[in-house]
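Feature annotations, reproduced from TrEMBL:
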type: TRANSMEM; residues: 6-26; note: transmembrane segment
type: TRANSMEM; residues: 38-61; note: transmembrane segment
type: TRANSMEM; residues: 73-91; note: transmembrane segment
type: BINDING; residues: Gly81, Thr84; note: Na(+) binding site
type: TRANSMEM; residues: 103-127; note: transmembrane segment
Amino acid sequence: MSAPAFNLAGFAAVGLGAVLGAWGRWALGIWLSSGERLLPWGTLAANLAGGLLIGAALAWFARHPDLDPAWRLFGITGFLGALTTFSSFSVESLGLIQRGAFGLALAHTALHLLGSLAAAAIGYRLAS
């Protein structure tokens, strides 16, 4: 199987989706993680919502193979790729470890990894 070819429509779809997804993650961070909180809830919300939405999107695109591939690039690669973030949650977990909150860091990491996986499975099931 050959690698997908570069095309302007795909490039624009990923870029626009990524901008919107990054803005969404930023807004969730402001809304849910402002002030003193036990955990940075904005990143967790972005990862869990992204997991749910990516599961649903995969099922939806599987049922609609006739759609222009740019829509999948926009939604999954661009929007959901930028909305969800491994790097932010990793830095947050590291911060908890550096504060000596090892149990909280483990719980935080487990919530992101297992929660996102469960959310993706639920989203796929709901959309199938």
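Each residue, glycine too, has its Cβ placed from N, Cα and C.
No curator has checked TrEMBL annotations; they are predicted automatically.
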### Message
Quick test of the contact rule: Cβ under 8 Å, at least six residues beyond the ends. What residues does that give for the transmembrane segment (6-26)?
### Response
42-43, 46, 68-71, 73-75, 77-85, 88
### Message
Checking distant contacts: for the transmembrane segment (38-61), what same-chain residues at least six beyond its ends satisfy Cβ-Cβ under 8 A?
### Response
24-25, 28-32, 67, 71-72, 75-76, 80, 83-85, 88-89, 92, 104, 108, 111-112, 115-128
